[in-house]
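Below: one structure, written as structure tokens.
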Amino acid sequence: MLSNLPVIFLMGPTAAGKTALAISLCEHLNTEIISVDSALVYKGMDIGTAKPDASELARAPHHLIDLLDPSETYSVADFRRDAIIKIDEFHQQGKVPVLVGGTMLYFKALIDGLSPLPEANVEIRAELEAQAAQYGWPHLYQELVKIDPQAAQKMSENDSQRINRALEVYKLTGKTMTELQKQKQPVLPYTFHQFAIAPTQRSELHQRIEKRFKIMLEQGFENEVSTLYLRKDLHPNMPSIRCVGYRQMWDYLAGEIDHDEMVFRGIAATRQLAKRQLTWLRSWPDVTWLTTGDEENLHRVVSSLS
């Protein structure tokens, strides 16, 4: 059992080189990787998510990948629960857990905890949607302004998903979203060593994203998505199909866009994802930045543990 319970975070935008560094780190520390990626949890979605291949998995076992069928959903709370179980297992074995990925909300949930919000309720959602169909979302928004003005301030009067959720929470608990979000879980007893990796130039990251998307196409990404498309039980509003690249390929297979447009949109969506990830990281407290391709990266991470 490790005394100060160290946990390494290796965060960064998509295509920044996280996996390569993480595998080197695992070989050096004789440990394993916990994936922090909302797309890698899905089975049968390997190429478009850049899931580690067999040789990479042999060098460094990855956990929290291939957990679910693409028809299922995986919440932030599911991740937090599963990650804590794995972290504690590693600590019991005397290993330093290495958490790697770009789903920043998952990392945040580990550090800050989650509010005790209730599960979605189908009946209440349907009731609210029926009211919205009759009176419009701006009418329901005004209701929310009276109940929870602070939550309402953070959304527009046509943000149906968030208005619905805020009113649903109030109907289920009698408490506002704002009240419940202040009730966080206890802080975890770990020492977090937090690193973010990215190229210094945005143009380099864009080149890496474009190159990777084209490699995915060569590896058979179209066939991978076609298999999902032909199942008929999946649709583009599911979290799995909303993953970057999959949604654009889905639209192409549905005949809504041509091949060139699919490639253009796929690369553009991946760039947007990387931009959002970097925005999170620039305001992230206690993070040490690493430059993609720097030979000193491994040494910097390892030396932080001593």
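Cβ coordinates come from backbone N, Cα and C, glycine included.
According to Swiss-Prot, the protein has these features:
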BINDING   G12, P13, T14, A15, A16, G17, K18, T19  ATP binding site
BINDING   T14, A15, A16, G17, K18, T19  substrate binding site
REGION    37-40  region 'Interaction with substrate tRNA'
SITE      T103  site 'Interaction with substrate tRNA'
SITE      R125  site 'Interaction with substrate tRNA'
REGION    161-165  region 'Interaction with substrate tRNA'
REGION    242-247  region 'Interaction with substrate tRNA'
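Sequence features annotated in Swiss-Prot and their locations in the structure.
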residue: G12; record: ATP binding site; DSSP class: coil
residue: G17; record: ATP binding site; DSSP class: coil
residue: T103; record: site 'Interaction with substrate tRNA'; DSSP class: coil
residue: R125; record: site 'Interaction with substrate tRNA'; DSSP class: helix
Q | Around the Cβ of P13 (ATP binding site), the count of other Cβ atoms that are within 10 Å | A | 29
Q.
Please list, in sequence order, the residues in the chain of T103 (site 'Interaction with substrate tRNA') that are at least six apart in sequence and whose C-beta is under 8 Å away from its C-beta.
A. V36, D37, S38, F79
Q. Other than G12, P13, T14, A15, A16, G17, K18, T19, which residues of the chain come within 8 Å of the ATP site, judged by Cβ distance to the Cβ centroid of those residues?
A. G102, I197, A198, R208, T292
**Q.** recorded positions (K18, R125), the one with most neighbouring Cβ atoms at 10 Å
**A.** K18
Q.
Between G12, G17, which of the binding-site residues has its C-beta surrounded by the fewest other C-beta atoms within 10 Å?
A. G17
Q) Which are the residues of the chain, T14, A15, A16, G17, K18, T19 excluded, whose CB is within 8 A of where the CB atoms of the substrate site average out, their centroid? A) G12, P13, A20, A50, G102, I197, R208, T292
Q | Long-range neighbours of the region 'Interaction with substrate tRNA' (37-40), counting only residues six or more past its ends (CB under 8 A) | A | 48-49, 51, 62, 64-66, 74, 79, 101-103, 106, 239-240, 243-244
Q) Hey, how far is T19 (ATP binding site) from R125 (site 'Interaction with substrate tRNA'), Cα to Cα, in Å? A) 40
(Q) Sequence gap of 6 or more, Cβ distance under 8 Å: name the residues on the same chain that satisfy this around A16 (ATP binding site), in order along the sequence. (A) I197, A198, P199, L205, R208, A274, T292
Q) Whole-number Å distance between the CA of T14 (ATP binding site) and the CA of R125 (site 'Interaction with substrate tRNA')? A) 34
Q.
Restricting to the region 'Interaction with substrate tRNA' (161-165), what is the model's mean pLDDT?
A. 93
Q) What count of other C-beta atoms do you get within 10 angstroms of the C-beta of T19 (ATP binding site), across all chains shown? A) 20
Q: Would you mind checking how many other C-beta atoms are within 10 angstroms of the C-beta on A15 (ATP binding site)?
A: 25
